[in-house]
Amino acid sequence: MSNYKRGETAPRDLPCEHGSGWCSDTPSRQSAHCTPRKQEQAGPGMAGIRVTEVDWLSQKNGAAHHTQEYPGPELVVRRGQAFTLVLELNRPLEDQETVIFTVETGPQASEDRHTKAVFQVSEPETGKNWTVVEEAQMENTVTVSITSPPNAAIGRYLMSTRVSSRRKQNDRKLGEFILLFNPWCPEDDVFLDSEEERQEYVLNDSGIIFRGVEKHIRAQGWNYGQFEEDILNICLSILDRSPLHQNDPATDVSHRHDPIYVSRVISAMVNSNNDRGVVQGQWQGKYGGGTSPLHWSGSVAILHKWFKGRFKPVKYGQCWVFAGVMCTVLRCLGIATRVVSNFNSAHDTDRNLSVDKYVDSFGRTLEDLTEDSMWNFHVWNESWFARQDLGPSYNGWQVLDATPQEESEGVFRCGPASVTAIREGDVHLAHDGPFVFAEVNADYITWLWHEDESWERVYSDTKKIGRCISTKAVGSDSRVDITGLYKYPEGSRKERQVYRKAVRKLFSVEASGRRTRLRRAGGRGLWREDLLEPATKPNITGKFKMLEPPRLGHDLSLALCLANLTSRAQKVRVNLSAATILYTRRPVAEILRKSHSVRLGPEEEKQIPITISYSQYKEDLTEDKKILLAAMCFVTKGEKLLVEKDITLEDFITIKVLGPAVVGVDVVVKVMVVNPLLEKVEDCVLMVEGSGLLQGQLSINVPTLEPQERASVQFNITPTKSGPRQLQVDLVSPHFPDIKGFVIIHVATAK
């Protein structure tokens, strides 16, 4: 945490004379591993006893505090838990003398704000104050155990000492240490009572983010890298760069004891809206002047780029990038955090708990009328902490979302919203309950727009939104469905009760006790209650069926299957359309439009074959590799049926490790790639990344690939850390979207 004011020059980092990294030309920023330098030795006013050296016992304290993975140079400890120091004095302490400690964090540190504490050796006690206990004294050395309160502000602290004696003394700067949240401490608001979950949600530096569509969920590896070089320092800088800190640093630092406050600041700072935060969003499918969101494999490169670029937002991110970066930052600061994916996720812009989509006679989305949207998937975070502001029944997982979708109190951020509050329909509770509730519960309504500017409801579904809410399992790579944490079973009596409760709470303020008309209800003056009734079902059914797996680079073969539910013949006019889309379901380019007339005999089923050639979609396919098909069916008696299908094109990559992986020993990795196209491709590159397996990113040129050719690429890695490690491989080509894969490598310690 910076101790210099805004506008002042930051201290220069100087080589450390003790070989432990860096020191600083500003005493308050000296490495905590370093003894104060010789020129700081006692002057005439500091005669008598003094501390000459300090041993921070980094290995011992790091192991006890689960912080040994942080690379330093400062000591890193967790709040509410004792850590040990050895002080060397220029002579033994006399009976009446005692060592007095001062710790302070942030500018204008004060005891009133709880950002400064002065304390001396006392009896062991627990409570709200910093304490120090003498453990041993041998000649000129004193071993002490210092404990911070479990609600201390987190961040970078400066420690000073003086010895109480008859002579007046100045405080002596010992150096800096970093204090983090402590999920191992029962008195800490972030306490998590499961060692397995703490290992996963605090200490695991890699993970899996689920993407795709509800019926075709795909796993993507992500390198959180919270223990990589400089990441902890960057995470503290994110707090310091927030407008709250820039405007009133002393007050901001005093609030850093509270995970609600800290997580809300991080939610705002991970996106660049309002505050020159870390990542700039882009959902137009054009990524010139930056990196496509799909090219990122982890948070480390993004955080380094933001920091080294003097806090210039990194281009570009989409929801999983924001969530991956926020997971890194919160785990790094000591808050148990996971990444969550919601399939068919609502973006309800007008807070009416319905996603209203307007389409034309071919089922194509009318973007100028459609303000709401249903994304194929949306990714956010959950963090585990107590809600002192709401009460204990709302403790536990809290939704946090750094994707800049809607403003919250004038800033693009979202949460923390209690998952329990969402499940129970308590949308009035802080923070941003209505938006999160709608993401998983909104009704999905489609309106057909007529040329005379009237419109009618052709589709209504109360179960479509908020499906397969997913996160990585604890201790394995499998997917866990946590939909039940967010809502009661769809269609159950309890689920509808909660929905009605949320509607009442949401509309009570606006309605002032009256029945509320729905905004944009087709000009029909539909009441909210009417919309809870399903749309009238037509007497035919329809669905799209893939005849072959949809593979990147190949023609798509599928059929529209229609069935007559009546005992009389029916004529159906079918308007078909297809468009390449982003994962937000925003259309990019139309690739198919045609009409068919079909006669269905009594209770007859028919298939309309559809082929979309590779040449039709290759120019307009986005890196999301998604196509949306729509069929608007007009039946004889004026009934209408809309059928939609989201297609994700499949690709192929395999990764094998040839031999055992051991710390410090080279091991060969073999990657099998396939050119998905029916044409020769050049200029392909493999991008390889993995915390504890290699430094930074590895870039490997792939030889020219013939049409549909399989080729293997081999390279060496030298693991630096033991345990399960995630290696990510990304085949990048100018000719087709990225093809990603990952493998977990179990690295043994060196013998």
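Placed from the backbone N, Cα and C atoms, the Cβ positions cover glycine too.
Lifted from TrEMBL, the feature list:
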{"type": "ACT_SITE", "residues": "C319", "note": "active site"}
{"type": "ACT_SITE", "residues": "H378", "note": "active site"}
{"type": "ACT_SITE", "residues": "D401", "note": "active site"}
{"type": "BINDING", "residues": "N441, D443, E490, E495", "note": "Ca(2+) binding site"}
{"type": "COMPBIAS", "residues": "24-33", "note": "compositional bias 'Polar residues'"}
{"type": "DOMAIN", "residues": "311-404", "note": "domain 'Transglutaminase-like'"}
{"type": "REGION", "residues": "24-45", "note": "region 'Disordered'"}
From active-site residues C319, H378, D401, the one whose Cα lies nearest D443 (Ca(2+) binding site): H378
Cα-Cα distance linking C319 (active site) and D401 (active site), given in Å to the nearest integer: 9
Intrachain C-beta neighbours of H378 (active site), sequence separation six or more, cut-off 8 angstroms: C319, S341, N342, S345, H347, T403, E439
Under 8 Å by Cβ from E490 (Ca(2+) binding site), same chain, sequence gap 6 or more: T462, K463
Cβ packing number for D443 (Ca(2+) binding site), 10 Å threshold: 22
Neighbourhood of E495 (Ca(2+) binding site), C-beta criterion under 8 angstroms, separation at least six: K487, Y488, P489
Residue with minimal Cβ packing [other Cβ atoms within 10 Å] among the active-site residues C319, D401: C319
Residues of the domain 'Transglutaminase-like' (311-404) by DSSP state, where helix covers H, G and I: 18 helix, 40 strand, 36 coil
N441 (Ca(2+) binding site) CB neighbourhood, other CB atoms within 10 A: 25
